[in-house]
Amino acid sequence: MLAAFISRVLRRVAQKSARRVLVASRNSSNDATFEIKKCDLYLLEEGPPVTTVLTRAEGLKYYRMMLTVRRMELKADQLYKQKFIRGFCHLCDGQEACCVGLEAGINPSDHVITSYRAHGVCYTRGLSVRSILAELTGRRGGCAKGKGGSMHMYTKNFYGGNGIVGAQGPLGAGIALACKYKGNDEICLTLYGDGAANQGQIAEAFNMAALWKLPCVFICENNLYGMGTSTERAAASPDYYKRGNFIPGLKVDGMDVLCVREATKFAANYCRSGKGPILMELQTYRYHGHSMSDPGVSYRTREEIQEVRSKRDPIIILQDRMVNSKLATVEELKEIGAEVRKEIDDAAQFATTDPEPHLEELGHHIYSSDSSFEVRGANPWIKFKSVS
């Protein structure tokens, strides 16, 4: 179904000019300049640029990454319904421009922490599809050895996946404090949703980050619904980019990977200059419900979802740009689609056949190093044994 959808889209792109993309100029055979939406600003005299250059290599990379995240999430949906995945599972299809654009705007040595809707960020931070799907199915080959599941995945310079709404806010500020304490040039992206924006601990993190001028980019992924509650019903002020009060803010088109990239570069440079934290609101949209137990159509209409798919889909926006600026051909994008499909299928095969972890694995990685003391007379390294 997805393959047919993409094929129709690519044929349409090839037959007529892009509706949503303005090509400012064509520099060479390997890059093109595009106009992007201007960001709304708060406590800032100037913001990110309104034009940006996209190279062919960058465009192909972003397209592959966004398509991989989309298909990975759809495969996770399938595996959940087949009962290979149990427990909580929050999908981010529709929000691919956020995770890909954010990663494109920072360095690998920078740090990222996010909420439980973490699969896309896990992938863009460097985890393989195989290790992500295997973690979802609770297998040994998962990035957390099958013990973390959907909400608790980790890799180098990525700190999860956090199950408590808004809890990553203070943690992100703490990571930024470590960066400042060490005196390096690194920053921390701290992501949270529009629902978490109403949590008190987010405001507390704002306060300490501003007080100590921490290199922290607070990022509100506003997908318009906190679980099943719209932003208009939950927030006295839905202008989340102004919620920092004394922290400058940007409102960004979160459905445009280039807009997210340029805004992230701007915010990262702001933090690296020693000015303290900055707040970004990414206006985005999730196609699935809040979680797998939420059909996602009781508080919004199917027509609303379809309108976003047809007019603002982040993958289609990039496809339009690539094809109409001749940075890529329809055939090239189809080939990438076939390669991504195979990668996802192979990863799913691994995730459903790899062995589950041994029971005693539950007792591992509780302490960072061997404990030289006893806790209330108990040996903390006693292996868990089956009661059967």
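Heads up, the Cβ atoms here are built off N, Cα and C, so glycines get one too.
Not measured: the values here are computed from a predicted model.
Residues annotated as pyruvate binding site in Swiss-Prot, with similarity to another entry given as evidence: His90, Tyr116, Arg117, Gly163, Val165, Asp194, Gly195, Ala196, Asn223, Tyr225. In the three-state DSSP reading, Tyr116 (thiamine diphosphate binding site) counts as coil. Tyr116 (thiamine diphosphate binding site): 22 other CB atoms within 10 A of its CB, across all protein chains.
With a 10 A radius on its CB, Gly163 (thiamine diphosphate binding site) counts 15 other CB atoms from all the protein chains. Annotation source Swiss-Prot lists thiamine diphosphate binding site at Tyr116, Arg117, Gly163, Val165, Asp194, Gly195, Ala196, Asn223, His290, citing similarity to another entry.
For Asp194, Asn223, Tyr225, the entry in Swiss-Prot reads Mg(2+) binding site, with the evidence type similarity to another entry. Asp194 (thiamine diphosphate binding site) is surrounded by 24 other CB atoms, counting those within 10 A of its CB over all protein chains shown. Under DSSP, Asp194 (thiamine diphosphate binding site) is assigned to coil, being neither helix nor strand in the three-state scheme.
What Swiss-Prot lists as phosphoserine is Ser291 (among others). Note on Ser291 (phosphoserine): other Cβ atoms within 10 Å of its Cβ, all shown chains, come to 17.
Within the same chain, no residue at least 6 positions away from Ser293 (phosphoserine) has a Cβ under 8 Å from its Cβ. Sequence annotations record features per position, and here Swiss-Prot assigns phosphoserine to Ser293 (among others) based on experimental evidence.
The feature phosphoserine is assigned by Swiss-Prot to Ser298 (among others), with experimental evidence given as support. Mapped onto three states, the DSSP output places Ser298 (phosphoserine) in coil.
According to Swiss-Prot, the feature transit peptide maps to 1-27.
Listed in sequence order, Ser115, Gly193, Gly195, Ala196, Gln199 are the same-chain residues at least 6 apart in sequence whose CB falls under 8 Å from the CB of Val165 (pyruvate binding site). The residues near the Mg(2+) site, meaning same-chain residues not in Asp194, Asn223, Tyr225 whose C-beta sits within 8 angstroms of the mean position of the site's C-beta atoms, are Gly193, Gly195, Glu221, Asn222, Leu224, Gly226, Ser230, Thr231, Tyr285, Arg286, in sequence order.
Residues within less than 8 Å, Cβ to Cβ, of His290 (thiamine diphosphate binding site) and separated from it by at least 6 positions along the same chain comprise His90, Tyr225, Met227, Gly228, Gly296.
Of the listed recorded positions Asn223, Ser298, the Cβ environment within 10 Å is emptiest of other Cβ atoms at Ser298. Looking at Gly163 (thiamine diphosphate binding site) and Arg117 (pyruvate binding site), their Cα atoms lie 9 Å from each other. Counting in whole angstrom, Asp194 (thiamine diphosphate binding site) lies 12 from Arg117 (pyruvate binding site) by their C-alpha atoms. On a Cα basis, Ser291 (phosphoserine) lies 9 Å away from Arg117 (pyruvate binding site).
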